[in-house]
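Per Swiss-Prot, the features are as follows:
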BINDING   79, 238, 242  Zn(2+) binding site
ACT_SITE  265  active site, proton donor
């Protein structure tokens, strides 16, 4: 059977909080089968746990946050969640001594490195996949996102970014997901934003950790980062990275195809909630090794 995965060892790193601009320590711990993905704030007494859950997600102008019934939140979870999806990690405890996951370089690549450093351990329990059985679509004005049946995991994403520095032919990406494709083609894509928005947020004491070190920053005419883009389609690639993390808020890899136009965290989350609210739209699936879609056949141990 295809088995659940966790980490082999505890790993730790430090980074800067996007909101606070302060140092954040991040610790990833192995977890037993069927634990799921648990985010934990250790700066609170007692510590507060936030299980990955589509219904706990709150989208903000800056990031994705998980919020519990008491209104306590943990922010900026999206890129680490994408890395967990990319590596197929089912069970992990994620500890931070702050209200947010560190932003690192604005991509998922540092988290991939951290997970690979910990190593992957397989557990004696079947891995459960969420298989899409019928199309589900969410629309918001001209924006839309849908999940349809597909024997694998494919993402077909289009953005519409009218900017002189962004080529019109670099605004669509179709990806057949695998751990290898995520690590090689997706994980290094950074988040992006406009200088005017960052300056405004910082004037309001927000986004104090935002910088050229952890985002692609644009003005009305050009990309302001000295090194430019890591690859020509980095912006749409980051939107795909975000979607992979958003869909993994159900705690399971999805078997299906996501198609989207101008979608973001909020629409992605609405789509996942709509699927989970319709019991005829999905089923839980486990696989023997020879049955699994090739997408999910190999753990992601390729070095980034």
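Please read every residue number as a count from 1 along the shown chain.
Every residue gets a Cβ built from N, Cα and C, even glycine.
The structure displayed is predicted, hence computed values, not measured ones.
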Using a 10 Å radius around its CB, how many other CB atoms surround residue 265 (active site, proton donor)?
21
From the centroid of the CB atoms of 79, 238, 242, the recorded Zn(2+) site, which same-chain residues not already listed sit within 8 A by their CB, in sequence order?
78, 82, 106, 107, 108, 189, 190, 191, 239, 241, 245
